[in-house]
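These notes concern the structure reproduced below.
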Amino acid sequence: MDFLLGNPFSSPVGQRIEKATDGSLQSEDWALNMEICDIINETEEGPKDALRAVKKRIVGNKNFHEVMLALTVLETCVKNCGHRFHVLVASQDFVESVLVRTILPKNNPPTIVHDKVLNLIQSWADAFRSSPDLTGVVTIYEDLRRKGLEFPMTDLDMLSPIHTPQRTVFNSETQSGQDSVGTDSSQQEDSGQHAAPLPAPPILSGDTPIAPTPEQIGKLRSELEMVSGNVRVMSEMLTELVPTQAEPADLELLQELNRTCRAMQQRVLELIPQIANEQLTEELLIVNDNLNNVFLRHERFERFRTGQTTKAPSEAEPAADLIDMGPDPAATGNLSSQLAGMNLGSSSVRAGLQSLEASGRLEDEFDMFALTRGSSLADQRKEVKYEAPQATDGLAGALDARQQSTGAIPVTQACLMEDIEQWLSTDVGNDAEEPKGVTSEEFDKFLEERAKAADRLPNLSSPSAEGPPGPPSGPAPRKKTQEKDDDMLFAL
């Protein structure tokens, strides 16, 4: 039959296929391949002539480089041509006599040719499975699988390229049916019957991957670049902004970016299972990971910001304490009441708190007492006149003047000794009874008695050089002590 039809390469499309599959070519001539597709779509005999030329180049050819170029031309035509060409290519006769015959063991094809043929059969079987008039390749595919032939799984993403051209094929097929109306009305009915089941493949597009065209790939990558730009801007804003100090305009922009990226992620998640291009799928997964990371950062940002704002009203009362880092004078006084409110009713805790409070007050009182004591001693040293004991007249006159100015009552030496003994016994008793601490009143009394003892003791040894102790030596220390007591009471 082929002999009667003449040389397959003599037709316009055959000549171009011969050039496109020449073994001298280093790689595919895509411009020539697309020209072949245009001739097939535009001429009436284009599909048949092209298929005859491809069959001539593949069958029995030992130059497997030319065979690979012919398979590439065939694949390109299936992706870009219409239903008329698909009917011829998917026929059981062409698949079995051309493709399956090429990979027979007796021909000893290289692995690259073997895998290429199996990929074409598998992709066409999956693409044309829903079309009743294109099931010849499906039958061959199922027979090969039942015989145990393993199809390569790494190139399964090549299954989908046929779906995208089929969406445009419907219009071309409808147009071809309209062109044939004038020739035969029965052909119009047949074309209408064939056009009815053709919309079935788009229904399967949601279940099977889609191979985008180069224009769609470029548009998708530009949109992915836009998504990546939004992610970068949002990430930089989250890095620069402080949650508690962010401006309302910045927060509004951040929320807008978040909403935009959320919408973009939904589209990315829809495209991931639908795209058959492995490289595009990888890019979509990377973009999705970046979106998830920036969403996590935004959630932490919002959680910290809203957490600070919700805690602000409850912390409004101690705001002054947070600002004033100095010591709180009321902290010691309120410590016992705070611990009492916490039901810490231990006696040791209360005793410790009382000692802390008493020690604070005693320290202040002791400082005041030391100041008044120093000033009173200095004044007394300036006013007292020291004279020899022989000058009884001068001493008696000084004592009389001292008594008149202060109104003090002189006491005897025996009374002084009794007071000292009483103070010592009281001190020992208090130490034995109250080991936990002393109060402010006891400490004042202690200081007063010690002051009295310090003033009295030096005067006991002063008259030993001149005779027995007499009344003149006692009243002077007593008067000084009385004045110091008055000064201390005035200071307190």
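Each residue, glycine too, has its Cβ placed from N, Cα and C.
Per Swiss-Prot, compositional bias 'Polar residues' is recorded for 171-190.
Positions annotated as compositional bias 'Basic and acidic residues' by Swiss-Prot: 442-455.
According to Swiss-Prot, the feature compositional bias 'Pro residues' maps to 466-475.
The SUMO2 cross-link annotation in Swiss-Prot covers K385, and the record cites a large-scale study or a structure entry as its basis.
The feature domain 'VHS' is assigned by Swiss-Prot to 20-152.
Here the domain 'GAT' (215-303) is broken down by DSSP into helix, strand and coil counts: 76 helix, 1 strand, 12 coil. Here Swiss-Prot flags 215-303 as domain 'GAT'.
Marked as phosphoserine by Swiss-Prot: S11 (among others). Counted within 10 Å of its Cβ, the other Cβ atoms near S11 (phosphoserine) come to 21, all protein chains included.
Per Swiss-Prot, the feature phosphoserine maps to S160 (among others).
As annotated by Swiss-Prot, phosphoserine applies to S176 (among others).
Residues or ranges marked as phosphoserine by Swiss-Prot: S180 (among others).
For S355 (among others), the entry in Swiss-Prot reads phosphoserine.
As annotated by Swiss-Prot, phosphoserine applies to S376 (among others).
Annotation comment: Swiss-Prot describes S461 (among others) as phosphoserine.
The phosphoserine annotation in Swiss-Prot covers S462 (among others), and the record cites a large-scale study or a structure entry as its basis.
What Swiss-Prot lists as region 'Clathrin box' is 321-326, and the listing cites experimental evidence.
Per Swiss-Prot, the feature region 'Interaction with MYO6' maps to 392-463. Mean model confidence of the region 'Interaction with MYO6' (392-463) amounts to 61 (pLDDT, 0 to 100 scale).
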